[in-house]
Amino acid sequence: MKKIVLLGYMGCGKSTIAQNLSKITEIPFLDLDVCIEKKANLSIKEIFEQFGEIHFRKLEHEMFLELLQSPENSIIGLGGGTPCYANNHLLLQREDIDSIYLKASIDTLYNRLVYNKSKRPLIADMNEEEMKEFIAKHLFDRSFYYNHAQYKVVVDNKTVDETVEDILKILA
Ligand SMILES: Nc1ncnc2c1ncn2[C@@H]1O[C@H](COP(=O)(O)OP(=O)(O)O)[C@@H](O)[C@H]1O
Ligand SMILES: O=C(O)C1=C[C@@H](OP(=O)(O)O)[C@@H](O)[C@H](O)C1
Ligand SMILES: [Mg+2]
C-alpha cells in the first residue's frame, strides 16, 4: 500500500496541505506530530520542556516507523525536523512511499511563522530578527535531508488549492 509523505521546513504547509489533499483524494491523513502528542498524552511543547529534544526525536522516529508499518493507504504530514534525524531521510526513498518536499523560501516561511511560533518550541522564544536569521541558517542545514524526497513542489505564492493541484499532478 502506498503512503504519501509530505516534508519540509516548519510553516511550509505540511499539516494544512495534507489535510486538504486528504479531502480531495479521500485517502486518510495522519499528522506525525498529532500522533506523537496522542501517544504521549502531551503537546509537542510539553514533550520538549519535560524530556528535551533528543527524547522527542526518539518518539518521532518510532512513530514514523509505526505509521509506515501500517497496511492502509495514508497521507502523512511529517514534522519539519523528521527527515533530519535517525536516518529518517533514507526511509523517504522506499518504493512504497511517494515523498514530496514542500519547498518554501525563507521569506514565505518567516511570514507564516512569525505569528505562529508559540507551539513550535525551536522558535517560540525568538524575536523577529533572531527568527529570520535562524530560519535562513536552519533551512540551509536541513536542505540536504529535504532533498532526499522523491518529488519537490515549490509552494511560494501558491494558494492551498494550487499546491494540492500540483501534488495531484505528480501523483497522477
Ligand atoms: N498557501 C498556503 N499553503 C499552506 N499554508 C498556508 C498557505 N497560506 C497560509 N498558510 C498558513 O501557513 C501555516 C502553515 O502551517 P502548517 O500547515 O502547520 O505547516 P507545517 O505543518 O509545515 O509546519 C498555516 O497557518 C496556514 O494556514
Ligand atoms: O522543525 C522541527 O524540528 C519541528 C517541527 C514541528 O512540526 P511542523 O514542521 O509541523 O511545525 C514539530 O515537529 C516540532 O516543533 C519540531
Ligand atoms: Mg505540521
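The backbone N, Cα and C atoms fix where each Cβ goes, and this holds for glycine too.
The substrate site recorded in TrEMBL includes R57, G80, R142, and the single candidate from D33, D107 that the record places there is D33.
For D33 (substrate binding site) paired with K14 (ATP binding site), the C-alpha to C-alpha distance reads 11 Å.
Cα of T16 (ATP binding site) to Cα of R142 (substrate binding site): a span of 21 Å. Taking a Cβ distance under 6 Å to any atom of ligand 1 as the criterion, the binding-site residues G13, D33, R57, R120, R142 reduce to G13. Nearest to G13 (ATP binding site) in space, judged by Cα atoms and limited to the binding-site residues R57, G80, R142, is G80. Each residue in G8, M10, I17, G77, G80, L102, R112 lies on the same chain as G11, C12, G13, K14, S15, T16, R120 and has a C-beta within 8 Å of the C-beta centroid of that ATP site, without being one of the site residues.
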